[in-house]
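Straight from Swiss-Prot, the features:
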BINDING   Gly11, Arg72, Tyr73, Gly102, Asp103, Gly104, Ser105  ATP binding site
BINDING   Arg21, Ala22, Val23, Val24, Arg25, Arg154, Gly185, Ala186, Asp187, Lys211, Lys213, Asn214, His215  ADP binding site
BINDING   Asp103  Mg(2+) binding site
BINDING   Thr125, Ile126, Asp127, Arg162, Met169, Gly170, Arg171, Glu222, Arg244, His250, Ile251, Gln252, Arg253  substrate binding site
ACT_SITE  Asp127  active site, proton acceptor
Amino acid sequence: MKRIAVLTSGGDAPGMNAAIRAVVRKAISEGIEVYGINHGYAGMVAGDIFPLTSASVGDKIGRGGTFLYSARYPEFAQVEGQLAGIEQLKKFGIEGVVVIGGDGSYHGAMRLTEHGFPAVGLPGTIDNDIVGTDFTIGFDTAVSTVVDALDKIRDTSSSHNRTFVVEVMGRNAGDIALNAGIAAGADDICIPEKEFKFENVVNNINKGYEKGKNHHIIVLAEGVMTGEEFATKLKEAGYKGDLRVSVLGHIQRGGSPTARDRVLASRMGARAVELLRDGIGGVAVGIRNEELVESPILGTAEEGALFSLTTEGGIKVNNPHKAGLELYRLNSALNNLNLN
């Protein structure tokens, strides 16, 4: 394989630029030319494709977002869109593609491979909801961003004896809420993977204040419901204290990636090039127990999010990823909670 391309698709995530940089520089070291595709699959179909050099990715490793831009392009789910994209790739003499994104992006990569065009997927999403990897590119940075915000919210919450509901991203997965909540010492963490009763949340809040606490922080994963809906249900369940809602929103996607995300993205990007160099497509690169692994992109894209296959201790956990179950139990123990 003498010429490959790289694109980013779906929601942006810190560390995508680091992954692109690794793809470009590793490929050049292997004697492979690299082309960038702007705006994901939309740019592929439109022919928005251009050569990348080592200088093109200089000083990009510490930048958030993606300099190749990103977009959602539902038309690529249709065969016509897929074939149009492949036709453009062939015009540029491209023989393989590295796709950086979430599960929607993986479906596109899977379709390319089914049409005989090798594609390798890299998990780029803050949600950490990709099967086949313990961690996704951007997750660590997003958690750090949320922890910083929670620390600040605690300051103002304590000053006014307030209860805060802090809504965080994650789509249908509670990984951001769970990890950031524990790291910030949140009082309650509510995630889609674990059922809870609002009456018990109210009891936890009231008990905290009775013991002398001057604030209460609830971290809410967006996959449960919106922060405003949650606040309304808390009041319906009997909570009468001062209650505010903070929605962190897209700030969680931005910012300079952490060292962990930069290293993870660099390792994955380099591995993707090695796979394409060897003529291997239709796989996604992941990390398990700090070791890089590959899994069929078909299974990765079709299996769905974490915590989806089995039920253990009331939490749906997608084996072998057990971090969610362990962390949820840890939070309950540290805060002596009973949300069930």
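We number each residue from 1, going along the chain as drawn.
Glycine residues also receive a Cβ, built from the backbone N, Cα and C atoms like all the rest.
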- Query: How many Å lie between the Cα of Thr125 (substrate binding site) and the Cα of Asp187 (ADP binding site)?
  - Reply: 27
- Query: Within 10 angstroms of the C-beta of His215 (ADP binding site), what count of other C-beta atoms is obtained when all protein chains are considered?
  - Reply: 20
- Message: At 10 angstroms around each C-beta, which of the binding-site residues Gly102, Gly104, Gly185 has the fewest other C-beta atoms nearby?
- Response: Gly185
- Using C-alpha atoms only, work out the spacing between Ile251 (substrate binding site) and Gly185 (ADP binding site) and round it to an integer in Å. 21
- Note on the structure: Sparsest Cβ environment (other Cβ within 10 Å) among binding-site residues Asp103, Asp127 belongs to Asp103
- Query: From the Cα of Arg72 (ATP binding site) across to the Cα of Met169 (substrate binding site), what is the distance in angstrom?
  - Reply: 18
- Message: Distance check, please: Cα of Arg21 (ADP binding site) against Cα of Gly11 (ATP binding site), rounded to an integer number of angstrom.
- Response: 19
